[in-house]
């Protein structure tokens, strides 16, 4: 974008940060890592501004303290007083994604500083995941929460949505970041993907039989039950499947990724605002093959006057999330097909129309109605992810080329190690 003056101003502000001053008693280890550490590392790698690597290293050293627990697995919070007293312990029921999604950022810090301790710290978490992957109630997947303290797996709910999403996202991305040098990430991805396809994927029953897919949740009691409640968060999976399919030469996964990405773009277009809700339900076909539209099956359950196929919109908000445009962007970069740009443009216009304010953009209260209001909230991922993906899909493909970069879960680009055979 050639905003060099603005970048230099921001870099100077970042260089002046004193990490030792805060009014908080604790920080969220996951969010601080993916947003702050990831942003500093990426900014340094793109600009080579030394002060940014210095601040990233300072922050990394502080976050590294979170691994000072009896079993060297971190907790959800980095509590400063507990850390000072040496009383930190891992959680017994923490979101599976949180300690498991620090690995890209800590690995990149090791690559840039030549200090292996950061990589080693998060590799312990990856080895724990590898060890327990087939011990869960749905072997091959990890549930939404894990017992990191006792290194055990108990929970019965499995999802690619909130609490678990980036654990799965980082499997093929770590393989790419390391240049394929650690095969456990490919093994874990292939194992998990097979279970996801079998138990979480569903095709919705729709009047026009659109060839799209969505992800639900699986709950395991006496049997495995699919819940067709879908989240905007799970829209990242289209890009994950497609990228992994290319990376590991699995054409079926590229196709699944395309159908998932199309599904999220279709869900945007289905609503009167042109935006999909945060959480919604659809009627599922019996299999992933086409099924006939049955209005008598759909209509009695549709108590919100939603578009055909949709049962409920339990959370009708749009909080400026990026996952749908993320997968649309990835599909465009993989295929070069302009239809993905057309989808992105429709999405972009709708998002600007309903989120725009005099100052910036705000979360939308109810995308099921054109009379919706806004919430005074704008998450940082609006800038780091959503707008970035919208910008990149209309830019030249060599700008942040996916052959050269892998993006972390906040869309901060890291340079890949590329194997030269």
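Just so you know, the numbers here start at 1 and follow the chain as drawn.
Positions of Cβ are set from backbone N, Cα and C atoms, glycine also.
Values in this document were obtained by computation on a predicted structure and should not be read as measured data.
In three-state terms derived from DSSP, residue 31 (active site, proton donor) belongs to a helical segment. Residues or ranges marked as active site, proton donor in TrEMBL: 31 (among others).
Within the same chain, residues at least 6 positions away in sequence whose Cβ sits under 8 Å from that of residue 165 (active site) are 97, 159, 233, 234, 236, 409. Residues or ranges marked as active site in TrEMBL: 165 (among others).
DSSP assigns residue 235 (disulfide bond) to a helical segment in the three-state reduction. According to TrEMBL, the disulfide bond annotation covers 235-264.
Marked as active site, proton donor by TrEMBL: 278 (among others). Sequence-distant contacts of residue 278 (active site, proton donor), defined by Cβ-Cβ distance under 8 angstroms and a gap of at least six in the same chain, are 231, 232, 315, 316, 317, 318, 319, 321.
For the recorded site, residue 323 (active site), the DSSP three-state label reads helix. Summarising the environment of residue 323 (active site), the number of other Cβ atoms within 10 Å of its Cβ, over all protein chains shown, is 26. The active site annotation in TrEMBL covers 323 (among others).
Taken from TrEMBL, the feature Ca(2+) binding site covers 409. DSSP assigns residue 409 (Ca(2+) binding site) to coil in the three-state reduction, outside any helix or strand.
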Anything within 10 Å of residue 323 (active site)? Look among the recorded positions 31, 235, 264, comparing CA atoms, and list what you find. 235, 264
To see if you understand the setup: which same-chain residues, six or more apart in sequence, place their Cβ under 8 Å from that of residue 235 (disulfide bond)? 260, 261, 264, 321, 323, 324, 326, 327
